[in-house]
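Each remark here refers to the structure printed beneath this line.
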Amino acid sequence: MKKIIVILSITIFLLSACGNKYEGDISIPVEPFTFTNQNGESFDSSELEGKFWVADMIFTNCETVCPPMTSNLVRLQNKLDNEGLDVEIVSFTVDPENDTPELLKQYVEDRGGHFDNWNLLTGYEFDEIKEFAVKSFKAIVEKDPESDQFIHVTRFYLVSPEGNAIMRYDGTQAAEMDDIVADIKKMN
């Protein structure tokens, strides 16, 4: 009996070591991707390996949530810079047909962001980003049948150095940017 308990204890210990190093309120593996960034360059998910990164979904013609979300990402970028944290930001457009690299770049520049650690991605079909959002973030992306707008998630996702989406934040709330920084500092 003692031998069985020892074997079970060792097995449980070994299995627990196989889990994710970083724990959060979710654990969703982000699908590998290669898209085009705001400089017209290929950007591959492998460039994010070993780093924390924050993901969101926007489009430049957005009339509602995208402007405050993008302004909040600029706030987050400033906080990360001030804390000396090496964290990437990745924004995926949900309107790849219209959002060119130049438009995406101008969109963030107009809000005071910089591109040292921020990539805005396009260069895919709408159906591809729709599927990517569901698989990687369990998020919905749809065309609004009544307008030229898109329906998309307003969350920011913290992705671990292992490539798993592990935390969700309300991207429309400026106070949540402090929570993102605090969570990264706890896990670093």
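Keep in mind that glycine also has a Cβ here, set from the backbone N, Cα and C atoms.
Feature annotations, courtesy of TrEMBL:
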- 24-188: domain 'Thioredoxin' (DOMAIN)
- CYS62-CYS66: disulfide bond (DISULFID)
- CYS62, CYS66, HIS152: Cu cation binding site (BINDING)
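A map of TrEMBL features onto the structure.
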residue	record	CB count, 10 Å
CYS62	disulfide bond	19
CYS66	disulfide bond	26
HIS152	Cu cation binding site	26
Where HIS152 (Cu cation binding site) sits in the secondary structure, as DSSP reduces it to three classes: strand
Within the predicted model, mean pLDDT of the domain 'Thioredoxin' (24-188): 97
Additional residues surrounding Cu cation, by Cβ distance to the CYS62, CYS66, HIS152 centre under 8 Å: MET57, ILE58, PHE59, THR64, VAL65, MET69, VAL94, GLN149, PHE150, THR154
DSSP three-state assignment for CYS66 (disulfide bond): helix
HIS152 (Cu cation binding site) and CYS62 (disulfide bond), distance between Cα atoms, whole Å: 10
